[in-house]
Amino acid sequence: MGDMTNSDFYSKNQRNESSHGGEFGCTMEELRSLMELRGTEAVVKIKETYGDTEAICRRLKTSPVEGLPGTAPDLEKRKQIFGQNFIPPKKPKTFLQLVWEALQDVTLIILEIAAIISLGLSFYHPPGESNEGCATAQGGAEDEGEAEAGWIEGAAILLSVICVVLVTAFNDWSKEKQFRGLQSRIEQEQKFTVVRAGQVVQIPVAEIVVGDIAQIKYGDLLPADGLFIQGNDLKIDESSLTGESDQVRKSVDKDPMLLSGTHVMEGSGRMVVTAVGVNSQTGIIFTLLGAGGEEEEKKDKKAKQQDGAAAMEMQPLKSAEGGDADDKKKANMHKKEKSVLQGKLTKLAVQIGKAGLVMSAITVIILVLYFTVDTFVVNKKPWLTECTPVYVQYFVKFFIIGVTVLVVAVPEGLPLAVTISLAYSVKKMMKDNNLVRHLDACETMGNATAICSDKTGTLTTNRMTVVQAYVGDVHYKEIPDPSSINAKTLELLVNAIAINSAYTTKILPPEKEGALPRQVGNKTECGLLGFVLDLRQDYEPVRSQMPEEKLYKVYTFNSVRKSMSTVIKMPDESFRMYSKGASEIVLKKCCKILSGAGEARVFRPRDRDEMVKKVIEPMACDGLRTICVAYRDFPSSPEPDWDNENDILNELTCICVVGIEDPVRPEVPEAIRKCQRAGITVRMVTGDNINTARAIAIKCGIIHPGEDFLCLEGKEFNRRIRNEKGEIEQERIDKIWPKLRVLARSSPTDKHTLVKGIIDSTHTEQRQVVAVTGDGTNDGPALKKADVGFAMGIAGTDVAKEASDIILTDDNFSSIVKAVMWGRNVYDSISKFLQFQLTVNVVAVIVAFTGACITQDSPLKAVQMLWVNLIMDTFASLALATEPPTETLLLRKPYGRNKPLISRTMMKNILGHAVYQLTLIFTLLFVGEKMFQIDSGRNAPLHSPPSEHYTIIFNTFVMMQLFNEINARKIHGERNVFDGIFRNPIFCTIVLGTFAIQIVIVQFGGKPFSCSPLQLDQWMWCIFIGLGELVWGQVIATIPTSRLKFLKEAGRLTQKEEIPEEELNEDVEEIDHAERELRRGQILWFRGLNRIQTQIRVVKAFRSSLYEGLEKPESRTSIHNFMAHPEFRIEDSQPHIPLIDDTDLEEDAALKQNSSPPSSLNKNNSAIDSGINLTTDTSKSATSSSPGSPIHSLETSL
């Protein structure tokens, strides 16, 4: 979003503002400058200028309690004056830009040049008849008409190049379009709670306006700037803006400034929105960033790395989230290393590219030598000046043949297949309730070997209901009759639950008749409020009598306290505190308990032990969560020191203990069975009591009675994995994790430790690939560390969603199984395409190479090769990459990180089919004219008309590919290749479409396609030979792979994948280096793989900037979304520097970059050079941001 957009945006707002000056008591500019202040400075400014926050509310014509009236004209006016809460997106790339990018492909450029030379030479006629003497070297002289047709081949090559470019550009364009749709879907998902006309409503983040009263709570990501009005115990993590890792406590009198993009780590409250969109603190930075990024991009045109631009725009805004930048870098590394598939593919493409280059170079050399020796040595012809153009034409023809071999050798369709497959899967996964945020997560899921799942809400329905209670010395196995409970106890119980729950938690009547009441807010609290209603009491009157503003002090729930307490002032000025929390934790703090008569009696430790045995354990063994409700009274004077938590949260009086049931989702046991069958271990990590957790794990089928497994509590787990010094040891973790199935009473740190322990373990031969689910703010680290992080779409906090790779829109475990299926399907789709593509490549290269060497001419012409290779492969990648997944995918074990891309079975298929195709093509080439009684096409003069002979070879070749495409649908040696073929209409359409186009090319292609129309019987033979592919496929399937020990596998990532990631850094960068080299165009054939680059770039750009980058339009429609990504954190070795306007720094950076050595376009023009470069450069370019690169300079400048 360039300077232009911003200046328009601002100037428009300023103009409006001056005209509306009198509408509100403060202008946008004033509010904007107010929000730039911090702490006491801000408090002083508010006091001096406005009086207090309430006065600001009055000026903004809003009420701190009722909120805005919410009428359309009022909202519209606010949007006009103060701006809207989104950031103007960057313009998408136009179709023409994409065409221009596709044209940058070096193989295409070489072909264009060759075609133009060929065109030019065909129009140039040397004088005199000596022309005839020149050409005799090669199968006789050409006649006048043939020479005239010389330009056709050149023109045809140019045309097919244009065709290829358009197909590529269209593919990229449609992908961008699709991801934009996905992006807007993510945007609509984001809602925030505001108060309008006294009602609490959820509205999309983009709808928030200045003056709105927003309700904020634990786990929120603030969508706009605002001032704190009231709340309890609110702590904010502002590291995303300031780089300070300490949490900041907010209060009206000390620090009321709340900034967009920061995280609520604890507490709750209300704020009045004062700045939105580009005027909020995040928006201002974002604006600077956008402008800076655009300038950089202009300067960076040379390096042709569109991806780099996205990366650059993202780099500056990182922060050391946990203080330690190194850890963060490691985490980023880990994410990079994640796309195992991308790494394997890049490596494979590079290897194939090398081979292709060598083959094409040899072809050209042999042709040139043969021609010169034959003409000037054997036939002893002098080099005549007038013959030069003819000789040059021969050389150009040889050159075109060489380039053709290269074109065929390079598997352009490969990255395209990945992109299509991922894009297709992501779109379909939305229907299966998986919202994919990082593309490669989809493919990583196919390799998952372990899933660490939360219990609440994922394995269970998260609809809490109290089913047992212990009140007044009696253990009730169902909801007690209210008349059997002492009236005083009952009143205390109702007050304790109604007041000491978030006021946003409510139970509403059902939407449809006969449905269950709706639970809104925290589900455990909903269960307790439901208990109050079941006791035929009502919590609303209690709350209206004691509104939220009147609460004296609140200790919010967090993972350390494991309880929540609220203090209120009684009518006699004394204080009462209500507490609730996990029973074993709260009971330890109780010294009294209410008896049946409602009197408090002493509660000794031995009473507590008895209660645990007789009440809590039986409840837990039924799979219930136990919650204890208690209270404590304090005298009015001296007022207690409320900050001294240890003294306050003690000496409580227990009112009751309830057992809450959270039933297992009916579909979960089946889903877990599928996982286990698919070789995936499911572990449950929960904060619940160990007995509850074990009971639920048995119900889900995670553990089966009588098996050898471990169920540990967090404390015990920590004791076992740490040495005497309290340090975690990997060997100790290795002893535990293989048997561990349930980790109970665990903290988020335990979860992170477990995930890291499993991922770093070298205990098993395959390194583990771990998926994790999380919903809480503090699950962030574990979600980031995991190979795939799943966040809950319904119950998850914004912080968890931001750290995740996939969002489960229905919070359901069975959706994870669908993700596994899709992931494996991506892997299979790519293997299918590889199998098909490599057969085409092997055959075409060998045919062109041997044909050229033996007959001086490639049996498959340049234009035909382009049709086969580029168009057909592009279509084939579409056909094979869109196969829908089936349940059978879940019947085999995960591939793991080291499984080669091309298995032995696939290698058998590739070579087997190549043998069949080569045998037939060479038979046709050397004896075809006798079989069909036609003229031989071998040794034809330079511009001779197309021969039937070579047309038959071309046609047979294409028919064999078509039928082999059907064979390629199965890669595990299955017999029935037609299985489920009609479930994939795209496949059928493409096969039939390709066949139809082939008929048109052969019958009407004429000179441009070097085709001569064929008779019906010749067509029949071609199709018959093609059909033979299917029969031959069955023959190959009969040969047992185990016998073919000599077959090598390919596309394997080296053993480095097995090393824990600390030592991986350089290695990871190597994979990445390959991808980066692809983008830099540093080596001739690397640039020759430029079309691969386009696709990889698209995958990578989407992977990195689908939701994180400014690269995609709308990708930041809401400012909320902008800060929601780790990419926008100032990450640097000196994290604690507030962000400064870095436009000049960025210019420096660009200058530095311009002077840096890799201005590759002119350096490596000779292929041999590039080969040497490859070996010497690796170490240099392997560092992720070499000192000259713009990203590095940006990092250092910040």
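Note: Cβ is positioned from N, Cα and C throughout, glycine not excepted.
The candidates are Ser239, Ser483, Ser544, Ser1133; Swiss-Prot tags Ser1133 with the feature phosphoserine.
The membrane topology recorded in Swiss-Prot places Lys93 on the same side as Ala968. Among Ser637, Ser944, Ser1156, the residue that Swiss-Prot annotates as phosphoserine is Ser1156. Considering Ser18, Ser1159, the record held by Swiss-Prot lists Ser18, annotated as phosphoserine. Noted from Swiss-Prot: of Thr62, Thr456, Thr1054, Thr1143, the annotation phosphothreonine belongs to Thr1143.
Contact between the transmembrane segment (346-365) and the transmembrane segment (153-173) is not supported, since fewer than 3 Cβ pairs fall under 8 Å when only residues 6 or more apart in sequence are counted.
Ranking the recorded positions Asp454, Asp779 by the number of CB atoms within 10 A of their own CB puts Asp779 at the top. Contact between the transmembrane segment (943-964) and the transmembrane segment (95-115) is absent: fewer than three CB pairs lie under 8 Å, with pairs separated by 6 or more positions in sequence.
Looking at Asp775 (Mg(2+) binding site) and Asp454 (active site, 4-aspartylphosphate intermediate), their Cα atoms lie 8 Å from each other. Taking only the Cα positions, the spacing between Asp454 (active site, 4-aspartylphosphate intermediate) and Asp779 (Mg(2+) binding site) is 10 angstrom. Using a 10 Å Cβ-Cβ cutoff, Asp775 (Mg(2+) binding site) registers 26 neighbours. The stretch in 95-115, 902-924, 984-1005, 1016-1037 that contributes the largest number of Cβ pairs under 8 Å to the transmembrane segment (861-881) is 984-1005. Where the transmembrane segment (1016-1037) meets the stretches 95-115, 902-924, 984-1005, the count of C-beta pairs under 8 angstroms peaks at 902-924. Secondary structure of the topological domain 'Extracellular' (925-942), assigned with DSSP and counted as helix (H, G, I), strand (E, B) and coil, comes to 7 helix, 0 strand, 11 coil.
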